[in-house]
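Student: Annotated domain 'P-type ATPase N-terminal' per TrEMBL: 40-97, in sequence order. Per TrEMBL, the feature transmembrane segment maps to 74-91, 97-115, 297-318, 345-367, 1058-1082, 1123-1144, 1150-1173, 1180-1205, 1225-1244. TrEMBL lists Asp413 with the feature active site, 4-aspartylphosphate intermediate. Residues annotated as ATP binding site in TrEMBL: Asp413, Lys414, Thr415, Glu658, Phe700, Lys724, Arg768, Thr848, Gly849, Asp850, Arg957, Lys963, Asn986, Asp987. Taken from TrEMBL, the feature region 'Disordered' covers 612-639. What TrEMBL records for 622-632 is compositional bias 'Polar residues'. For 1009-1253, the entry in TrEMBL reads domain 'P-type ATPase C-terminal'.
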Amino acid sequence: MTWTNPLTLLRQGWTRHWNPERPVRTVVSNLPFEDLKKREQPNRQYEGNAIKTNKYRLWSFIPMNLFEQFHRMANIYFVGLAILNFVPVVNAFQPEVALIPICIILALTAVKDGWEDFRRYQTDQQLNNTPCFIFSRKQMCFVERRWKDVRVGDFVRVLSNEIIPADILLLHTSDPNGVCHMETSNLDGETSLKQRKVVPGFSTLGEPFQPHTFDSTVVCENPNNNLNLFKGYVERPDKRRTGFGIDSLLLRGCMVRNTDDAAGIVVYTGHETKSMLNNSGPRYKRSKIERKMNTDVLFCVVLLFFMCLIGALGHAIWLESFPSIPSYIVPDSNGNYTPSVLSGFYMFFTMIILLQVMIPVSLYVSIELVKMGQIFFITQDVELYDEELDRRVQCRALNITEDLGQIQYVFSDKTGTLTENKMVFRRCSIMGTEYCHEENAARLAVINGANEEEEVTIYQQTKLPSLFPLEELQDIHTGDENQANAQVTAANQRRSREAAGAQSDMAFSSPLETVVVPDRKLMLEVDREMASIQTGPYLDFFLALAVCNTVLLSSVTAQRQRVKGRRSSSYSGGSFHNMRQWFRKCGLGKVFTSMRFFKRRGETLRDPFSIDEDESDGFHSSDVSDATGQKDISSERKVKSGLSGSEEMCYEAHSPDEAALIHAAKAYGFTMVERTPHYVTVKLPDGALLKFEVLDILTFDSTRRRMSIIVRHPHTKEIIMYTKGADSAIMERLGNVFTDMSQVYSEAKQTAVKTQRDLDMYARNGLRTLCFAKKVISEQEFRAWSALRQEALSAIDEKEERLMETANFIESSFTLLGATGIEDRLQESVPETIQALRRAGMQVWVLTGDKPETAINIAYSCKLLEHEDLVFTFSTNRKSVFKMRVEDTLGELRRSTLSPGADPQFRGYSSAFTGPLMEPSIGLVIDGSTLSMAMSDELVEQFVELCKHCRAVLCCRVTPLQKSAVVKLIRQKLRVMTLAVGDGANDVNMIQAADVGIGVSGQEGMQAVMASDFAITRFKHLQRLLLVHGHWCYSRLANMVIYFFYKNVAYVNLLFWYQFFCGFSATAMIDYWLMIFFNLFFTSAPPIMFGIMEKEVSDSTLLSLPELYKRGQHSEGYRRSTFWIAILDAFYQSLVCFFIPYWTYNGSDIGIFAFGTPMNTVSLFTIILHLAIEIKSWTVVHWVIMIGSVLVYFIVTLAYSAICISCNPPSDPYWIMHKQMADPMFYLVCILTTVVALLPRYTLHVLRGTLAPSPHLRARQLERLSPSHREQRIREWRGLRDTCISPSPSA
């Protein structure tokens, strides 16, 4: 047995968690070392797979929790005062009693933290003990173990529909093509399947996996949280390296789908897996009110210091005023008397203990409870519930609800946020010829007019009956029409409920996206090429649509069972039936009848609105006979026979663009029927199958802005690269078409010019554009390039840069095929929402990666820009030109602003532009390259000043980093509250950069939602979330915080005024137990109820008058002046509550607690009724809590004075309250004092409401009117412009 230096073990334990000098992770198989002790195994330095998300252990809970709670300065302050009270020379109360308030608060917080931590512990244990299969060398098979037993270097097997226990490098799969499908919904919310492939060379078809023969070394990057990036290589014993990427990594927490089993070697475990590194939990942000409140707490500390200083000086002066030492001053144990100056010094600390409630310790706990209540009501709002998706609004940040009511700038993404992200194929241009697809436009016109509920995700699972059996469909078409409509309605209702639970089992598959009516002229061109040469640009164009994508295939009968039971979804024919009837009534049936001459070899063109019952019948058509392709044709027949039958293939696209394009190709007969890592098979219009060998795929990225697939044609054996991408990314790589003057009249030049003209027309119409191109690569060129590509794939350092270089090298000298125009419709109520946000005083910016023409068209459609706006467009590559234009524009705006008679609110407009009745506005459009120049140090100040004059800004062609940079720039330079809303992974940076981030749970996954503070399903929900809940939350919390400060100051000052009559001796005329109960029980519930349920204005009025939102933007509810007015009011009320009882009982023989009891009671009435004056909406809950607080006070006080004879010696509260309540003078004092104390505040409210009513008061007055009168008054409020210029309907 060898001895190991303890320092070495310590060093190894440290490097287990962190070793910055090791740039990569090296993993070897654990099987040869299975018999060794753990500390002798080669992978010992890596984390285990057991996770621990709870903070505490049973033995460490109390000290660790107290340590956590003492991070709050308020807790330290009150514990310090409680400890100070144990010092005899400065104590003000019985020391043990002084600990009660802070102990109660600490105990309640500890119970809450302990319960939450225990629930995390239970979840951890359940997860750590989940069974899995690990390979054992002793038993030479996979044996069942627990997740916590998995280690780096183990071989793990995962079965279908099982969750992956760790990050595993895929080495084997039961699929003959070496692929494994993985569902990542547990990780990022995306339900579309991700394809993973085995590391090349480690899976032999038909042979079982033998982990014990694995003798290679895995080298990969250190753990990180990037879900889209993973790089490394496998080094064999002969030093050969095989590179791999993220497409070979199975991620912990995801689920294996459509694959019987998969196996591989574990590379990351436990907290080092990508899923755990992305699990940051709820976000914590400090709200604007909380930051202000902390400043006001410091003001209260300063106020407390001066009050204690007055008490200390007063006590010293009072002692000096006696010619001799009074008999009631007790000497110390040595018979010596404390000097008056030292007594005054001691009294300073005693006064701090006495007046400690000046600092509202319960305010922080109350705010947490209020925000929990606010979040509950936000999430339960039925108006924010999406029935189609079965989702409600999510509150992921628990402490910034009030910030929703103070937003000044809104930054929004376009695609998927303002639009549906349901891409619909509209037009295309092939070889310079544009095809408008009029018949498809007619179909879309019908769908646009149909009920939105009829767009339903289609996905049927095994053994689930269809919603409409064939017999029912026949009855519907041939039977009674009324009965059919009733059946369709009932079926749609059932479908809506079922689709809500089974939403997005397969994305982008509604009839709107999948059904495309072919263009007649284009169909003739395709038929001509198929009938003659069976090759040409039209076939290449549709082959590019069919193969240049990452779409996966699955059958309708594929079993994607959920662990928690199946979800059923259905397929409704109701919408198709309605469209058929509409076309027949409108006489458009001849459009489809005339299209029957497109039939191919006896095939009749189907009705585009009929249900597709069997897509695979065409698989039995004859193959293309070619002497050079006999081997491929025979293999194609095998594929064909495997695919024949009644199964219909479904496409699972990662983006809606790809779904729209592949369904467009399918509409013209180019159907992708199989995809493997090495082959992609396309069925041609005549039924023949083309099986392309996939040589490489260059995936899309935001830098290149294009995607390419390199394939070998099965007949010609040519190596062809098909590419799709943005027009700028394709056009600039068409070789020398535009630069060579000798090609001015060439066909390629004319095609490119015509295609660019069509692209510009598409963009002006608001369509999303993509270009398609091809390139034929020679064998020699491809082999040389492939070697460089494999070398880049095997690299660890600068891998992304090297891959980018290889992609840019091969993606050149394209031959342009054509372009497509895809429509992305606006979401419901987007124009109305943007107009409402503008009326509320918010500046709306849209940041998008689309072309300027497309973005501008959408901007006008959604009312971001209006036709009467003055719009400045900046698009240049020269900084000097941009600088000159910005300076000229700013100069003109400044002159307009300073012109005589110009209203400052018009922000640079003169009446010459708009006329006297129209509110002027300026818009700004800027592209990405110009924006980069604008944000340079030289021009950023001028750019920000220009943006201040604009009510709408549209940024086009911007990258995700530019989005976040713009948000940070405006937030920091203008010091405004910002909100960012987006739906995709490219919006995450922008969402996190804003004060409030809103994620839209749309069709691009859940990355934006996971990074957001709040999540909604529709952009229109932003209107209610901000204008209603944001306004309520801000007003409630602002008023509650101000009330808390007032309440504590008013109550503490009673004790302070009494010091002037007791020699500043820190004597209290109220029993200390009642003082504790006063803040903990008697007056704690009303402000919490006020903060949760107060509605200053109803939701309907807030939506009708968005202008009311401006109160929060200007912080009118919680200003510094508001705070000091509340403090002054508290001082006045405390003076009244003290001196009226003092003058009443002056000269009597009443005891000290009998004197303090009326003051305590009057103070309770005053504080409760003060809140009653502020409450604007009374409910049963308000009455119960307000009256209940008063009743609790009297019940507890009567019980305490009857039971407690000497609970707090030497005080004696026995029977005092009973005697006071038997005295009529007590009631007179209570009524008179309360009226005098509240009279100024009540009078101020009356005068303000009569002489200068606030907008909110006027709004509440409107709510009392009849609906017709209320609408009229609201129109008058909005002004003459809104009554004369009604908003146009959304596009």
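From the backbone N, Cα and C atoms, a Cβ is placed for every residue, glycine too.
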Student: The record lists Asp413, Lys414, Thr415, Glu658, Phe700, Lys724, Arg768, Thr848, Gly849, Asp850, Arg957, Lys963, Asn986, Asp987 as binding ATP. What's the largest Cα to Cα distance among them, in Å, rounded to a whole number?
Tutor: 25
Student: Taking the binding-site residues one at a time (Thr415, Asn986), which has its Cβ surrounded by the most other Cβ atoms within 10 Å?
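Tutor: Per the Cβ count, the most surrounded site is Thr415.
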Student: Applying a 10 Å Cβ distance cut-off over all chains shown, what neighbour count does Asp413 (active site, 4-aspartylphosphate intermediate) have?
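Tutor: Taking all protein chains shown, Asp413 (active site, 4-aspartylphosphate intermediate) has 27 Cβ neighbours within 10 Å.
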Student: Among all the protein chains here, how many other CB atoms are within 10 A of the CB of Arg957 (ATP binding site)?
Tutor: 21
Student: Over all shown protein chains, what is the count of other CB atoms within 10 A of the CB belonging to Gly849 (ATP binding site)?
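Tutor: By my count, 21.
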Student: Is the transmembrane segment (74-91) close to the transmembrane segment (97-115), in the sense of at least 3 CB pairs under 8 angstroms with a sequence gap of 6 or more?
Tutor: yes
Student: What does DSSP give as the helix, strand and coil breakdown of the domain 'P-type ATPase N-terminal' (40-97)?
Tutor: 25 helix, 0 strand, 33 coil
Student: Which number gives the other C-beta atoms within 10 angstroms of the C-beta of Phe700 (ATP binding site), all protein chains shown included?
Tutor: 20
Student: Pop the Cα-Cα gap between Asp413 (active site, 4-aspartylphosphate intermediate) and Asn986 (ATP binding site) into the table, whole Å please.
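Tutor: Cα to Cα, Asn986 (ATP binding site) and Asp413 (active site, 4-aspartylphosphate intermediate) are separated by 9 Å.
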Student: Take the domain 'P-type ATPase C-terminal' (1009-1253) and average the pLDDT across it for me.
Tutor: 92
Student: Should any of the binding-site residues Phe700, Arg768, Gly849, Arg957 have a Cα within 10 Å of the Cα of the residue listed as 'active site, 4-aspartylphosphate intermediate', which are they?
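Tutor: Close binding-site residues: Gly849.
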Student: Enter the number of other CB atoms within 10 angstroms of the CB of Arg768 (ATP binding site).
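Tutor: I count 24 other Cβ atoms within 10 Å of it.
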